[in-house]
Every structure is written in C-alpha cells, then in structure tokens.
Amino acid sequence: MNFEGLDPGLAEYAPAMHSALDPVLDAHLNPSLLQNVELDPEGVALEALPVQESVHIMEGVYSELHSVVAEVGVPVSVSHFDLHEEMLWVGSHGGHATSFFGPALERYSSFQVNGSDDIRQIQSLENGILFLTKNNLKYMARGGLIIFDYLLDESEDMHSLLLTDNSTLLVGGLQNHILEIDLNTVQETQKYAVETPGVTIMRQTNRFFFCGHTSGKVSLRDLRSFKVEHEFDAFSGSLSDFDVHGNLLAACGFSSRLTGLACDRFLKVYDLRMMRAITPLQVHVDPAFLRFIPTYTSRLAIISQSGQCQFCEPTGLANPADIFHVNPVGPLLMTFDVSASKQALAFGDSEGCVHLWTDSPEPSFNPYSRETEFALPCLVDSLPPLDWSQDLLPLSLIPVPLTTDTLLSDWPAANSAPAPRRAPPVDAEILRTMKKVGFIGYAPNPRTRLRNQIPYRLKESDSEFDSFSQVTESPIGREEELHLHMVSKKYRKVTIKYSKLGLEDFDFKHYNKTLFAGLEPHIPNAYCNCMIQVLYFLEPVRCLIQNHLCQKEFCLACELGFLFHMLDLSRGDPCQGSNFLRAFRTIPEASALGLILADSDEASGKGNLARLIQRWNRFILTQLHQDMQELEVPQAYRGAGGSFCSSGDSVIGQLFSCEMENCSLCRCGSETVRASSTLLFTLSYPEGSNSDKTGKNCDFAQVLKRSICLEQNTQAWCDNCEKYQPTIQTRNIRHLPDILVINCEVNSLKEADFWRMQAEVAFKMAIKKHGGEISKNKEFALADWKELGSPEGVVMCSSIEELKNVWLPFSIRMKMTKNKGLDVCNWTDGDEIQWGPARAEEEHGVFVYDLMATVVHILDSRTGGSLVAHIKVGETYHQRKEGVTHQQWYLFNDFLIEPIDKHEAVQFDMNWKVPAILYYVKRNLNSKYNLNIKNPIEASVLLAEASLARKQRKTHTTFIPLMLNEMPQVGDLVGLDAEFVTLNEEEAELRSDGTKSTIKPSQMSVARITCVRGQGPNEGIPFIDDYISTQEQVVDYLTQYSGIKPGDLDAKISSKHLTTLKSTYLKLRFLIDIGVKFVGHGLQKDFRVINLMVPKDQVLDTVYLFHMPRKRMISLRFLAWYFLDLKIQGETHDSIEDARTALQLYRKYLELSKNGTEPESFHKVLKGLYEKGRKMDWKVPEPEGQTSPKNAAVFSSVLAL
C-alpha cells in the first residue's frame, strides 16, 4: 500500500523539510551547553553549526519540536515516556537518569542510578520509576529518592523488563532464565527456565508473552504457565527489535553473511491468527528500531541508527518518498520511544542529546496525565519577624536545620526529670457563678484570659510531680504522660497481632531468640503465665510434678505436668496453658478467692494484679499439695504408678512447707502452743516506717526475720479465763523449707515508700563503702567509678546504675539457734571467705538461700499493667536446651523471653516496677531429690473403657479398641482427625479503610478425636473415636464443619462414646511418647487446640505434602477428588472419613514421589494439581453418582462398621 495515497501532505512536506541531510540543530537547544563537544573527527564545535529556524509544524505530520542535552558527551542508552505524567525519561551509559517535563522539555530531575553500569530499561509506575541495569533493579521516586534497591546475582546480565500487572515484574537477560519479582514484597517469587537463552526484548498482549532472543528467535509464551506455545525463527543472525499490534508481529534484525552479520532490510511480519509468516516487507533504510504507531491505520515506524526514519504499512509496500531524517548531534541514534498518545516520538543519540518529534505544536504524551508535583520555592526569606518578648509565641516557628549531631538541648536522662505541666485551676469566678443541672455545671465566661490559650509556666516551683503517687488534674497526663517515658519496651504488655492466617505468620522469634518456651497470653486468666514459668524452672518441682498422675478429671498437678512436658519439648516455640487454665476455672476454691477474672476485667486491667498473683501463688501451692497427697492407685489409668510421697506429706510439702510453733500467751499467764505449717510467708513491714524521713537503714534480712518470727498482740480465747483476752501471739520455726516463698504485699503507698527509702539508703551506703561520697549533682563515669578503688573481698560493680533501686539481696543466710530462735542476715559471695562454704555449715543448721525468681507488677496506665518474672535459669535447663552449662537471668514476659543482667532482677523503680513475689532456693537443692522423670502413662490407657453417656449401646460403637498384640510401635502410622466447637466468638474491629482487625481469636474446644490404624490387617479401622464431654457453655457447634450436634456432648442424652478430655489426652500422649507418626490434614491446628506438643518428625501433614511454596493450601475434599476420585464431606464433616482419606493421600504421595526419591516428577504432578484447581475454582464438581475410588486396592482391608 502506498503511504502517499493515505496522506498526500506527507510526501510534499518531507522533501521540503529534509532537502539536505546536513546536521542542523533546533533553535530551542541552548548552544552554550554544548561547548567544546566535537561532532565529527574534524572537530566542528556545536556552536559553529548552522541553526535552523523554527519550522511551522503541520498537523498530522511528525517533525522536530525540541532538542535538548541530557548529559554532554555521554551516549543515551534508553528513553521512556512516562505513562502517568507529562514527562520524558532518559538514561545514559554512565548510569545517570534525567527527566524532562512537557513538550518544551524543561529539566525536571536528574540523579545517578548506578555508578558504573548503563541503564538498560526504564518503566514508569504510579509512585515512581523502575531502572534496570546489568544486575540491579532500582525503584526511585520521580524526585530521585530511593524506594527500594534490589541487587541481583553478580553473574546476571539483565537487558529487559516487563510489567505484567501493578505488582509483578518479569526481568530477562543473557542467562537461561527469567525472574518474576513481586514489587510489594521486593522478593523473587518465581524463576522460569528459558530453553533459548538471551532474552533482550519482552512484549505482552492479552494472549501471549513475547520474548525476543539474541539468536534471532521470537517465542510466544502462555500468560499463566510461561510455557512456550509457539516460536518464530525470524533471523539467522540476531534480533534487533520487534513489536506487536493486533494480530501482527513485525521484527527487524541481522542475517548471517560470509563476512559476518549484516542488517537485513526485509522486515519479518507474522500473522498471530494463523501462526505463520506473511510476505516480508522490504524497506529502504537499515532498520534498527521499529514501533507500531496505530492512528488511522496500523502503520510502522522504522528507524535506522544513522537517523533515517520511514513510515509504511506492514502489509503494503515501502515508498522511498516516505523517508525523513532525524538530525542527531552524534553519529548514531541509540534509542527510540513512542508516547502513549502516539503524538510524540523521542530519539536519543550517542552524544547525549534528546530529540522530540511531534505531530502537533502542543502535543500531550498521555491521553489522561495527572498533575506533576513541583518542588516548592524556598520560603526562608519570607518568614515574618519573631518577637521574643511575647510569652505566647510558638517556638516551632523558628526554622531549624536538619542535623544528626547531638543538640545542646539533649540533656542526658540522668540530669533531667519529667515535669508534666499541670492543668490550670478553674477560675474562682466560674465556680462562684456556676449553676448545676444534674451533673453538668454552667457559668458565664469571665473573659479573664484569651480563648483556648494557656501561657507557659517556665518556672514551676512545685516538686510534687516527682512522686509517682501524684495524679495530674489533666486527663491527658493521667492517662499517658506519667508512664510514657518510664516503662521499658521489653517490660510492656505484649500482644499477638492476628492476620487472616491466625498465628501462622506471627513472628514469635522476634520476641524470643532463646530455645526456652514462652506462654501465649490470649487465653482467659493467663495472668498467671509468669508464675507457671517460675514453677517450671524449679528443677525438683518440674521433675516431681511430671511424675504425678491421678484419676481426678480436673487435677491441677496433672495438667501442670502435661504443660511442663510441652515446655520441655519446645525449641523456642510458644506454648499455651489452655487445658491447665480450663481445669483451674472448674475449681470452686479459685472462684471463691476471686482468682477467675472476667474477660472485660482482664482486658481493662481493673483487677489489682499484684494482689491477684499473690493470692494465686498461695492457692496453687496449697492445691498442688492437696492433689499430690492422693494415695490411691488410679483405676481409670492402669499402671499409672502409686503416690510418689509418704501418706503424711507430698513432694510440694517437702519442698515448700515450713514447720512452726504458734504460742499464745494470755495476760493471766497461761500459754497455749500449737504446731502448724505454712507454704509461704508474707512480708510484715515495721510500723511507722514513713515517719522517719531521714532514711533509717533496715536490712531485708531483718524484715524477713520479723515476718517469719511474727509477734503481734490480738484478742484470743483463753481457756483459763474462759473469755476473749488480749494475748501475745508469737511464731517460732521448727524446720526451714527447701524453697522459701515470700509474698511482698506492696499494696499501698506506705509499703512502696518503704521500699524506695530503703533502696536510697542502701545506695548511699554502697557509695560510701566503695570509697566515694554520694552527691545528687555528680554523675560518675565508668572510669571514675573504677578509680574509687575496691575494698578487699568486695566485688566491684561495673556501673553506678547497678546500685540504684536495689534493696533486695541475692543471697541470705539463715541459722536455727538452740533456743528455737532464728538468725537471718544478708549474704554475699565474699562472706564465704569469712564463714566458709555453705555446704559445710549445713551440718550445723546454717543454710544459704539464693534468689531464684522475682515476680513484679508493671504499672502502665495505657495497658492496665501486666505481670512479668525474672528467673535465674539453672545449668540443667541450659544443658538440655543449648548443650552448655551455665546460669543466666532471663526476663519472662508471656512469649517475650530476653536475657538480662542479674542486677536488673533486684532493681525496683517503684514508679512502675513493683515487687510481688520472691523465691529463694537452698543451695545444692537438686542433690537432695531424685530428678529422674518416669513417664507415668502406660499402654493400658488405649484399652477399652466405659462411656460417660448413659444411652450409648454397643450398636452405636464406631471403633474397635486396640488389642494387646496391636500395640503401636515406633514409626507406625496413625491417621488422626479432630473436630471442634466454639466456646467464645472471635472479637474483631472494622477499620475506617474497610479492613478487619482481629482483636481476640475465637476460643475453640476439641469435641471429637478419631485415630485409625495405619497398617496391619485392620488398616483404616478406627481404634479411638472419642466425643469429649465439656462443662463449659458452647456458643456454636459448627455442625456443618464438625458434624457435632447439640446433645452429642451431654452425658445425659448423648448416644456417642463420651469421655473426658484428660482420658483422650492421655491416649494421644502415649502415642506421641511411643514414637508413632500421625497422618492427617491440617494437624497443626488440631494439636494446638488439643494443647499437645508433637515433634515435627512425627507429623505427616497432607496440607504440606501437596503444597507448592507461595501457593494456596488445598482442602482435603479437593485432594480426595483429584487424586482418589472420592467425594467426601458432602453435607457435614466426619472425622473417621477424613482420617482414612488422609491416610490414602499419604499412600498416594509415596506412590507418586517414589517414596520421596523423585521430587522433580512429583513437582510436575503438583503443577498439574494447581492448574486444575484454578480452572475449577477449587470446587469439587457435583456429579449425580459418586465414582469409585481410583486406589481402592490400597485400602482393601477397610471394613464397614
């Protein structure tokens, strides 16, 4: 087709405008920018060139509008029209990027992208620009700020990129693969293998990806799988450029000749409907670039490197009259691009110049461009003058330069104190004229001050703000300011951020980098987590509790032993005490003592946590003592072993009990003596401790002795006087406990002031002891502190900060005297030189107790406060978890675990950190007890047992218990599935942007557990199918998903095999301990709700066996339909059916992967699975009749029950 016939004006205009091919320069180009730049070897300067006058631009015909210099002398490597704004981007061989605004090409921004490599491709996005260099992908804002910088492998040589959607990018180069990069996460999500290496050009239509190769081929690839659908062998030498429009693909390149590669003047054109080549198009220039410019027709623009440009139809004939010439400053054109509106063409040459050709005098680059944001002019000179004499002048009006150096106003924390500005008192005139209506007061405005303005009080004489008891009148200060600067981040209340996946993507490792297990806080009444950790890290308690097992359904000692077993198995993953807290809530004494909090009280922190945890401490020791006094051999759990201790006492009593004599002396002279015992002591502080403000020294040992050997006056019944009389009550110690437990009872300002005052006195004495005088205005540096010297035998502290807020000793020495008295004193390591080792003195009734744990109450008004524990973890725990033998103090704040310095465990800043409970342990305690753990759970738990349900008959039995010859062995397979009901609904909030945020997840309870045989003649037959009785209210039975109906869990009306949770829990614990492998679908959630910790090598989860990385999880129903041709979970779920299906799927996995030896072939199977799932929208078809299983032979032994 003749182009001249379509637009006659072009034929007339082009020769007139390009009569000569002499290099001329546009008048808009500033010649001063190009001084001393040579155009050719003769050295002609640019300013000496003739400059052509401005040419009137004819509508519809392309002609040069502007030329501009991007970077003098540096070749332009790539040009790109911005797809969102009226801008043209240019990249150079020196790695520099420049942008120009509008058709006038006003310079907008200029910055360095790479220091050594050239920019090979530019792609504009909504928020910035992507730049591709050899092995680097950089995303920068249009002003030059880096958004991300993604480094590729050094061996990569990238040449092309393609934006497939708003967040996915394909990057290709000379290697044999193409990378897929997610722009949201800035991570490589896929690597596609390329059979023909060297992908330098990529295009995309709604049907294919098009890849141009250096070998001269163009491959067409599927949009989803990236597989090659077709391939065109365009040129024998190499490919230069190609473009796609509609059903046509046009390409230009080089052909092989005898002397090498030569530019082929035949353009290859292909019809994408027939997938074949049509008649090649012969052109009259050496094509280096080509683009479709579809306006009225599908015309092509073909450009040579020498600057010749020809327009022609891809299915017509090229006319030599259609050629016009671009006047490059350099000898070669290096780049070419077309705007989205097709109104502008951009050329870049080898001397750094950019030429803009348009078809109208005022072109637009995009059909709809957004407004470009320009930098604001400097406003420093226009600032108004500031009057320093005005009190209400805001100091923020003064411009301050941005600096990283320390400012003069940045006082160290030790030299500054927070001084909140108190709200001004209400004007007396307002109070006098106020009239009350209900609880609201109304008064006229006296207009004594400006509206909404309060003057600063720079000189505040009040010192009352230094006290933590002072409550400001301002509501803001009362809620936020006082504690904002005090509570350290690691001591603040930690919360779990829930997502769509629940807890699976929450990073617990960020809070706990140790191998010890934290405890999750979202369970009701989980305020006791810190005390559970304290009991666990007492080695005798940990071992002896795990040896206990009884027949009580809700036994705290049994549940605590199960929880300790989970903490032993965990390798840093958090555990949850849901079963323990469930048993705790059923005990009437706990409710009577007010230990069970409502959800609202726990969330808002209304309860006094310090008093609560001290009452809980007394309750748990008493309850464990009673639970472990059981002597009967459990009948429900045969072979569980007898009682571990004697009939008169328990192991808790042996560890914690202190025998005492209580003497009551009446004023008539009669004396009554009674023997008793206690498991803990409560500190009793001296009377009138606040009256002496001078700071009288009172050792902790003195207060402890006074609390143990308590003497008080009280009214009591006297048998001699036969009436109530004033008596003197005294308490003497007969036997000291192995573990000394102390409740601090700091429940008022009086006790808090006493601790604060004693810490100040101890701090002054420590300074004097080390040879220095205390001074409020002097701060000691570390070097100065060491120069003070150290008395012989005294350990020097590394910092003066370690002595602040310390009154509690790390060790105390206690001695029983012959007259039933007790001597208590503080003990330091240096005292062993004087008194000898502690082991030798135990023979004389002298014992040394070391501080093992402190439980503290964190005062934080923002979160309602929390409880944390400092625990000294012993050598045996480090040996089991980390393989090292040493002792270390740790902070336990629910699932946050962090090692701390030992001084931090005894430092109590009473403003926010209040002591609640202390644990002192006798030295060498572990040597007195047998610390071997004997698993009390035996195989008899798997044998037949009676159901709790009254109406159950043998005809309703859905399982066959194991026989003695069927007992599982190590490595045996067991199919497992569990069903759940909801006890509490999920609590969530809807944000303003429409997204949902989970505040508290739903609380689930296990309702049914099924285990089926995984091998043997009875393979597939269940041996456990227990329905779990629950005493808690069920809010949703989830019948559609669980198959559980109302009444199934009620012992009065249920026809199912109903058991207790503890009974079924023991069966699963035995299977875990024996070493079986569980096969199921989604077992991670099942074990979590059951509250079991299972080693990873004992779990075979079909969710992960049939899963590809970064892809969705597949339901059991779809897997069963795809691999087994089974239709399951029709109306409701059945755990027996699900467990059997999971076993079949595992057998199918072994068959497809050849027992895991051929992962590549199995990967292809998974790809087919995902492709089928996408086509089916992951829904199983609903046929009229169910087909038979493909693999029925695998489970030929399954019997109908």
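Quick reminder: no glycine exception, Cβ is built from N, Cα and C everywhere.
The feature domain 'USP' is assigned by TrEMBL to 517-923. Confidence over the domain 'USP' (517-923), given as mean pLDDT on the 0 to 100 scale, stands at 80.
In sequence order, Val1006, Ala1007, Arg1008, Leu1038, Tyr1041, Ser1042, Gly1043, Ile1044, His1133, Ser1135 constitute the residues six or more apart from Glu979 (divalent metal cation binding site) in its chain with CB-CB distances below 8 Å. Among the features that TrEMBL reports, divalent metal cation binding site is placed at Asp977, Glu979, Asp1086, Asp1138.
Within 10 Å of the C-beta of Asp977 (divalent metal cation binding site) we count 28 further C-beta atoms, all protein chains included. Counting every protein chain shown, the Cβ of Asp1138 (divalent metal cation binding site) has 26 other Cβ atoms within 10 Å. Within 8 Å of the centroid defined by the CB atoms of Asp977, Glu979, Asp1086, Asp1138, the record's divalent metal cation site, lie the Cβ atoms of Leu976, Ala978, Arg1008, Ile1009, Thr1010, Gly1080, His1081, Gly1082, His1133, Ser1135, Ala1139, excluding the listed residues themselves.
A sphere of 10 angstroms centred on the C-beta of Asp1086 (divalent metal cation binding site) encloses 23 other C-beta atoms.
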